[in-house]
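**Student:** Quick paste of what TrEMBL says about this protein:
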- 72, 83, 183: Zn(2+) 1 binding site (BINDING)
- 83, 118, 370: Zn(2+) 2 binding site (BINDING)
- 208, 267, 280: allantoate binding site (BINDING)
Ligand SMILES: [Zn+2]
């Protein structure tokens, strides 16, 4: 039951030509949930699903001050094989390795799989951990819609969950003494440092904003250029402003990765365009001022084109520094492993506002993530699982 072997077992699930698409409550994700439960039960863990659709596998009786480790099984659209699943298979591998040597944890230990970490279906990232901690309103979460107009509540109900029970889960939250998430690195930090594993230091402030432009749908050939109210024009201004403005701010990244024109015909001027801006800045929280500047440019472009603009913040998380004591313990335990900041968001960052939390990263030789090229060598995967086992041994005694 090596981490590499476990990854191999799910390699075919949700895989398409353009990478993996495993979204909360869809068929592939359901298959992964069943696989996880079966695999966890096989090593004697008790599997339960909490009120928010997160999966827990307990080694010992669930209780307070538990040591919890895990990650997520969902992906972005067209994602890689490691983002999320690596933390889950490493946790199962580490628990099995500790069991095999007769180790008995001195406190309850659980493997946790968070729901909808990527926000790949309903737009808000870390939805499972945000609901668990109460950092998103349950009613707002229930009303989120996927691309087909299905609400999160409807999708949950179809998958056998009761959406009325969504919301801050005091019982589950009070059990977590420490949360440790292992994750594939999503940049080239470890390649440059020449190390297979690092301890997470900080997660940069980041958020997602939705720009909705409406204009006048019309004929692409019959409408003179001066007569148009084309919402694609201010949408394009957002893309250009995001690049221009973020390039001037040190440590900033701004991305438009999703844009939906409606009705979406080649010979049709769109009547509406929705686009999503992902913005992040290192250091102090300077994300909202950056987005304000981009929004100003968008507002001017919309006015010039005679279009309406609506802007809404879909998610936001400030800069997070993982628990300093835990970082020190992990570094000492892993032979002085380097510390690494990340530009990616994680459930561990959401939990860090509520409990002691930390992260381990495993080297990704391509430095590419959220794409099929995301990778980790078998040797590094095994190294990561062993490092996690060491951490669990140390932190649970
Ligand atoms: Zn992830």
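Glycine too: its Cβ is placed from the backbone N, Cα and C atoms.
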**Student:** Which binding-site residues from the set 83, 208, 267, 280 have a C-beta atom lying less than 6 Å away from ligand 1?
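**Tutor:** Correct list: 83.
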**Student:** If you skip the near sequence neighbours and keep only those at least six away, which residues in the chain come within under 8 angstroms of residue 183 (Zn(2+) 1 binding site), Cβ to Cβ?
**Tutor:** 71, 83, 84, 86, 87, 200, 344, 346, 359, 360, 361, 362
**Student:** How big is the gap, in Å, between the Cα of residue 370 (Zn(2+) 2 binding site) and that of residue 72 (Zn(2+) 1 binding site), rounded to a whole number?
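**Tutor:** Cα-Cα distance, residue 370 (Zn(2+) 2 binding site) to residue 72 (Zn(2+) 1 binding site): 14 Å.
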**Student:** List which of the binding-site residues 72, 208, 267, 280 have their Cα within 10 Å of the Cα of residue 118 (Zn(2+) 2 binding site), in sequence order.
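**Tutor:** Cα within 10 Å of residue 118 (Zn(2+) 2 binding site): 72.
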**Student:** Within 8 Å of the Cβ centroid of the Zn(2+) 2 site residues 83, 118, 370, which other residues of the same chain have their Cβ?
**Tutor:** 75, 76, 79, 80, 84, 117, 120, 186, 369, 374
**Student:** Rounded to a whole number, how many Å is the Cα of residue 72 (Zn(2+) 1 binding site) away from the Cα of residue 208 (allantoate binding site)?
**Tutor:** 20
**Student:** Specify the count of other C-beta atoms within 10 Å of the C-beta of residue 267 (allantoate binding site).
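**Tutor:** Neighbour count, Cβ to Cβ under the 10 Å cut-off: 8.
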**Student:** Rounded to a whole angstrom, what is the largest C-alpha distance between any two of the residues 208, 267, 280 that the record assigns to allantoate?
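**Tutor:** Overall maximum Cα spacing for these binding residues reaches 36 Å.
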**Student:** Of all the binding-site residues here, 72, 208, 280, 370, which one's CB has the most other CB atoms within 10 A?
**Tutor:** 72
